[in-house]
Amino acid sequence: MNIILLGPPGAGKGTQASKLVADRGMVQLSTGDMLRAAVKAGTPIGLKAKAVMEAGELVSDEIVSGLIGEKLDSMAASEGAIFDGYPRTEAQAHSLDEILASRGRVLDHVIELEVDEDALVERITGRYTCANCGEGYHDRFKQPKVAGVCDVCGSAEFKRRPDDNEETVRTRMAEYRAKTAPILPVYEARGLVRRVDGMADMADVSAAIAAILDN
């Protein structure tokens, strides 16, 4: 089972991918993480990517495709892949088909976590964490049981991410739409796209994804 998981920042894509990794033994292929790991490990593709990045240039499709291929080659045939952040262009979508086919794999589903932009803004701008233990809270959905005191460690210090503001969230939504717009029609034409309500309860989102994969 090989899937592409799509969703704007804050839609819970990372949470759902982690659950698929834990529950089904799938492997998450996040191009950003893979790029950093390849550079750190000094693999041939990593060295090539490092030279490109140090020159201030964008990493080419060829390098990204090489990373994907390298990762798939290290996986057991029984392990499914979750593609995160790739493909982003029609050319990359076709390249992924070739990469999978050459390894006896196919793309089974493209799952998009749909969100309401205004509700997503509220979800993201209201979140904060304990500065000591990292426990997560929300202005509306999850307040500490005792105001100003962390439920887990008792700390009175909390912090918010500086980019959890409305302007940044809306900019990211626009960027997400611009990046996914080219590839969704490609997969819709092939009947691969399934949409899930990303604003639902986390467990309900997980159940909806599981139903798609088990169908």
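Each residue, glycine too, has its Cβ placed from N, Cα and C.
Taken from Swiss-Prot, the feature ATP binding site applies to Gly10, Ala11, Gly12, Lys13, Gly14, Thr15, Arg127, Ala200. When Cβ atoms from all protein chains are considered, those within 10 Å of Gly10 (ATP binding site) total 21, not counting its own.
What Swiss-Prot records for Thr31, Arg36, Glu57, Leu58, Val59, Gly85, Tyr86, Pro87, Arg88, Gln92, Arg160, Arg172 is AMP binding site, and it gives sequence analysis as the kind of evidence. Annotation for Glu57 (AMP binding site): no spatial neighbours, criterion Cβ-Cβ under 8 Å with sequence separation of six or more.
Cys133 (Zn(2+) binding site) has a Cβ environment of 12 other Cβ atoms inside 10 Å. The Zn(2+) binding site feature in Swiss-Prot is assigned to Cys130, Cys133, Cys150, Cys153; the stated evidence is sequence analysis.
Same-chain residues lying 6+ beyond the ends of the region 'NMP' (30-59) with a Cβ under 8 Å from its Cβ atoms: 66-68, 70-71, 84-86. What Swiss-Prot lists as region 'NMP' is 30-59.
What Swiss-Prot lists as region 'LID' is 126-163. A mean pLDDT of 96 is what the model gives for the region 'LID' (126-163).
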For Arg88 (AMP binding site) and Arg127 (ATP binding site), determine the Cα separation and express it in whole Å. 28
Integer Å value for the Cα distance linking Cys133 (Zn(2+) binding site) with Thr15 (ATP binding site) is 19
Provide, as an integer number of angstrom, the distance between the C-alpha atoms of Cys153 (Zn(2+) binding site) and Gly10 (ATP binding site). 26
Out of Lys13, Arg88, Arg127, Arg160, give me whichever of these binding-site residues has the highest number of other Cβ atoms within 10 Å. Lys13
